[in-house]
């Protein structure tokens, strides 16, 4: 039984059930409710509005049924259950009187069975009804609109019969009875089963090996796949005070019903930096589906690569896209396609690398026909919007910069792929190296080389470390420090393996590089041309035009493109987009065909085509032209900004002093190399100074602050790659701010190393805000060199553990300028308490410590209290969202009783009861400095509040007391009123969220306006 109250309590779950399937499932529930006469015809018409989001219709249905009383609620739950059961094993047999005297009524009573019987025959029935004059041509065309599935067309025919009085209902009742009964579900048809089998085989073959990261051998995905840090994006600012940082998720959470930004959208977005493992994640999804291990709710999975789709020049339809560009049905093409249209909820489409799709997303051109051809970009954009294959799931991967606000409107859930955790790096290396001792030595090398360890949180760098393990373990010099160092190491690895045996033991010396310089320049020219033309997949004709021969290809940087339709000639692509950028930078540094002046376009990150001149420049071919400068400049101007930034950083690294001798031996003119270096230095300094000049003046009374623009981090990265201290000093000379914000900027360990390299030269200390990034423990270690230039450091929501904070504090003890630390929303436990206590005890100029939303218990609070006893400077202490309990509150209260400087204390959401409140009340009686005490979200109850009220009577400093959501009744409020009568200092007492009646709230507010209810 289900009462109306129980029904209302289940409302959110019922909405989830109704919208979790497809529109077909929702309409089958309406069929049942109509046939049981739970819904009237007027109710039904209000629930079948075309174009309305399914969630709106579901809520309207719940409202309609609730108004019909307990019986209606029970019937809806029964209909949901029956619809779920019938989707597994439908009962197609229905019995009705074909010669009924009330045909319209019988059509409604037997509607579910009639819809199922009509499903496979609706086109023939429409033709017959038109021929016999029961419907007009206009009515027939309306029912046959391509946006409707076969079952929806059947329902619309029945709806028409209900309102027409010309015998259509009697005709249908008689004719449908004669139709053959299907003995199985439509997708059990031989054609569909054969197609599903073929599709699984093809997807399994395409996804079993990781060929994109290796030109010499294939790596079995099952053997080396390592979970990446995947977090769901939430709307910042929408969460309450106890909002936790996103938890790391598994692949199975991609289609979870939680965390929806837009529950009516179909598209799941996965964003991550270049090399973070987006393509490999999709490949693992494909493999798990194809081998039957997961994602079996989908009958069909269609993988696509955006870099390959953009090469499709001719118009194509949904059918062409699925069949010609993924998997062709050997038989029954029309039947298979019709099933796909009828069951979109059983389809998953994946689109990898949207950042490599040269067309910018727009929703201006609507295309709703699955059979009419259109351009590839219009087709893709309408699939993502849901105008085509609505309710089919689509997964889109991209680098963050390529995702516009327009596109995010159509995103159901957004995930952030943050790369490997420290444990992930170790696990990956152990999977790659099962020989005794090799993985241990590599892991030890990383742990003792923080710069290299910081790079490896991106899987592409972990792969490089694995690939170059011999070079790393045997080399006498220092380990790679910059991204450029790492790519030169992998270049050395590829060159050695392609060289004669007697040269295989050499490092990347001039002779090894010179021997392959023509090959590298040809590959670099192809890479640059591809970047400028947004071309990442190269045909045989394009390779021939670039004079790239089989010997060049054998070097290993070009591999067969994945996801190629069987039987077609496989085009080639670079191992990874970052390799394409690296080789393009190599060409720009060493080619005699590149004028030095062209390099300035690398550091000017305007959108391609932003000037009239760039739009007038002709499309250029790979071969050189007599206008060399305009050719290179045009390609750089048309390169996507994120690829341009990566290329610029590589160019800066190649022109560093570290690699000067290596490149000078390969460059005919050392003077030319020096000119390029000078040009890059000038461009970097100029771009940074221009950036700093754009900072608006400070608001009167506030510190001058700067929120980094997108290009700022890449300029800093380029400075770091160049490794020139003097240039870093000159660059920050113009930075005159007190607060530097880099929130939500994708700052990882590598970016931390670059920031530290530059910011340590600041003349005036700054407050550095790095909230909502991926700093982690390794990133904290990278930041240590610039800690002396920071007066405040904000690291909210950065996946930092005790180990990282202990290292930070060890260094901070010697940094006189550092006065504030914000560490909330991390993974801190009692294990860091001794270090934090030491910080408080030793730094007598320290002002603010915020440790909210971590995992500190009473034990940690007791240790911290010892540090507080020896501290005389702290003004702000944030502990909200921990688990200190009564014992922890007692320890902190005792330590703060005679503290002379603390003004603000937050213990929100710490499981504090009346015992802890009594200790805090005793503290209030003695403390003469505290101005604000935040105790919301605890369970103080009246006993605890009465104790606090006694403390207030003897307190002369507290101005704000926050007691919201503490189960306080009128008794506790009365005690507070008595205390307020003798306390003129206190200005506000927050009592929101406590169980007061409206009458009590009105009475309390009239008695003292300082009570905020």
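Keep in mind that glycine also has a Cβ here, set from the backbone N, Cα and C atoms.
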Item checked: 112-145, 146-179, 180-213, 214-247 - the range that Swiss-Prot marks as region 'Required for CARD9 binding' -> 214-247
Check: Of the ranges 6-20, 21-35, 36-50, which one does Swiss-Prot list as motif 'ATG16L1-binding motif'?
Finding: 36-50
Next item on the list: Write out how many residues of the domain 'NACHT' (266-402) are helix, how many strand and how many coil, based on DSSP.
Entry: 53 helix, 25 strand, 59 coil
Next item on the list: Provide the number of Cβ atoms within 10 Å of the Cβ of residue 368 (S-palmitoyl cysteine), excluding the reference atom itself.
Entry: 13
Next item on the list: Write out how many residues of the domain 'CARD 1' (1-82) are helix, how many strand and how many coil, based on DSSP.
Entry: 60 helix, 0 strand, 22 coil
